[in-house]
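Asks: Residues or ranges marked as region 'Disordered' in TrEMBL: 1-90. Under the heading compositional bias 'Basic and acidic residues', TrEMBL lists 13-37. Look at TrEMBL and you will find 41-52 tagged as compositional bias 'Polar residues'. The transmembrane segment annotation in TrEMBL covers 132-151, 163-191, 198-217. Residues or ranges marked as domain 'PDEase' by TrEMBL: 360-684. Summarising the annotation, TrEMBL assigns active site, proton donor to H437. The Zn(2+) 1 binding site annotation in TrEMBL covers H441, H479, D480, D590. The Zn(2+) 2 binding site annotation in TrEMBL covers D480.
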Amino acid sequence: MNSDGNIESIDQDENHKMAENKYEENHRQEADIEVKGVKKASSSVHQFNNDSNGDKEDLEESNSLKPSTKEETKLVKGNSKVAPEGAKPKKNPFAKKVTYLNVTSEELIKIYRMSQCRVSIANFMRAKSVDVFIIILILLYTLLVVVYLAIDDEIEGSKSAEMALQITELCFLFVFCIEITLNLVGFGCLFIKDWWNIADITVILLAIVFVILDMILDDSSLSGLFRLRGLFRLLRVGILIRKFDSLRKKSQARKRLKNKDIYHVASPAEIVNEILCDIRDMVENDDKMIEDLNYCIKMVSSGKLYEANIDDNIEEGDENRREAISFFKNIQGNTNTNNKDDEAVEKEIQSKIKTIDIDEKLNLNSQTKAMLNKADSLSFNIFDFKDLVEEKELYVLTSYLLNKHDLFRAMKMDPEVFFSFITRIQDYYNHSFIEYHNKTHGADVCQTSYFFLEGCDLRNICRLSDNEFGAMLIASSCHDFEHFGFNNPFLIESRLPWAIEYNDQSPLENHHIASTFGVMQKQEYNILKNLSTEEYKTCRKMMIDLVLATDAARHFTDLAKFKSRVGAEDFAPSGEDKQPVLNMSIHLSDISNPAKPFNLALIWTGLLYDEFFKQGDREVEQGRNPSFLMDRNTTNIAGCSIGFINMLVTPAYEELVKVIPDASICLDNINTNKDKWEEQKSEFAKRMESNNNYIPESRGVILDPKDVMKSSVNLMPSPKGEHWGMGKGFNENHAMQVTPM
């Protein structure tokens, strides 16, 4: 720091010492600190006890708010001041302002001494159904007033018609009175602290008086007064319409206050964002403060708190800054490279595409093509499709979709190279002795991702380029490549090679995507070789992010971030939020079984638990306790399916539907399937007791293990030690080698 900075720092320390002395004399301090245009007011009355540690901590906190520039230092010095003795302390703008909208049940009982009965009434008045009922009443009452004003002159001579309208109006007003009374009983003085509520009560009571006087009096001398009732009715409508805003705030408060059920898991980031939102709602008439808080909320949601933020705007002649930014980009790998001769490559690819008859290449018949034309449907039956294409479901489906959307040309991909690549992926998907995480599951996730992209318009919502669209399909097809039927905790606990290689960080998912790109290391499988360096890096990064997002251990963290971003004002699914949206969609495609029609969900659930129970048996053989859900003797498949739906599936799909409204059919299926599982809980309890804890509908869907060697597919690849995707770790005997504990 230069000498000026040292002098200013010394001056600032002296100011703080003076403030501390004054603080100890008067037992109170106030300081207004303005940093970067944001006014941070912090003041309160402190009782000075024998132990003054709390006061000193406050002073240390003020010292920690040091400005970063000389101008800001001067600003702080100019604004810092000590309140004169006897001055009234300023109100902390960040202190919680308790209202009837945000008060908790605990606060009503402990602070406001409400009885449990009154708290129950308060909670009832905060219910969503009550809000909906009041909104309907407001709409109907508004309609009544409009009708009243329109036909007022016509019914003036008709006592019966006028009386009918007056009685109807009284009914509405009495219901509003009941609502006000219940709020007063439930919230007490908190309800009338809101001036709008006082205005509402006043207008409603006067309205009742006016209507009753109009009904019982027939004095011409009061006719002039009664003529004001039309204007008064409009005033009532204005007051009631204002209720819409309070109901909106009430709805937001209800979401924050509602009791979390046993399935809800909140991350620290989610809690921090809730606190920041509360603080933002308390700030008034300070746009800069609100803007900064929104930025904080955005950064917490994005998970980019610790990423460097380099500004590319370089003034002319600022070579030092230019060199610094270039150095940073270089170590980050963000360097620009020249593109290949795209025109020549595209012509070559186009000529190869023209020579291929896709129907003949994929051996498509009319029935198969009819199914493929419905690949954007949630009810697509991958098991029927697998039978139709004779166990080549991954190869046929992925190739067909890329060809259908002209992605071979768009991604400058040689079709024959892709056919070789996807065949290699399919053959090494371990499909004959892995019940669930096999090539059929890979094809199913690809098809479900396609359902979101095309059937639910996610492709347009995110404005995906052709490269991004293709990367999504390929990543979903390869997302479990070389899975061997045991989960990440098993790998880590057993200290298996993949866990060691990837430092226990998503070892399976890291292996799936590393093996996929390992396959591409050979030219005959390198489907991305014609992309420019920048295109390749973008496509590779996207595929890595997508596959790593399928790790179930990330579910709650990623969902919390996703919820925060979806609820943000600057949420941009076609911009910086594109990747999180795609990550969530592929993750939910991976756990989409409960969102499918029950006949498909039943088969997939059976396959999943067959694989789970096999792991549980292996853990017992090794002298370990079976993992959760993997003990065939204690796991009720129906009950655990309900828990899986409640805890993981439903909350995540509810958030995704906010981005992809057309995916609401998934929630319909989820609720239906949950009811069906409820009906079968007792049946599965009996199956556990009789050692028949499996789902018959799933049996026979894959090849029987005894038929493995009869399969035409090479199931036992090269010995261990070769590169990813070329057999490393795939051999079951090698994969099952467990390091002694």
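Cβ atoms here come from the backbone N, Cα and C positions, even for glycine.
Annotations in TrEMBL come from automatic prediction, not curation.
Small disclaimer: the values here were computed from a predicted structure and weren't measured.
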Asks: Going along the chain, which residues six or more apart from H441 (Zn(2+) 1 binding site) have their CB under 8 A from its CB?
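Replies: Same-chain residues close to H441 (Zn(2+) 1 binding site) (Cβ under 8 Å, separated by 6 or more) are D480.
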Asks: Give the sequence-ordered set of same-chain residues, not counting H441, H479, D480, D590, with Cβ within 8 Å of the centre of the Cβ atoms defining the Zn(2+) 1 site.
Replies: H437, G442, D444, V445, S476, H483, H512, T550
Asks: Rounded to a whole angstrom, what is the C-alpha distance between H479 (Zn(2+) 1 binding site) and H437 (active site, proton donor)?
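Replies: That comes out at 10 Å between the alpha carbons.
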Asks: Could you state the CA-to-CA distance between D590 (Zn(2+) 1 binding site) and H437 (active site, proton donor) to the nearest Å?
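Replies: For D590 (Zn(2+) 1 binding site) versus H437 (active site, proton donor), the Cα atoms are 10 Å apart.
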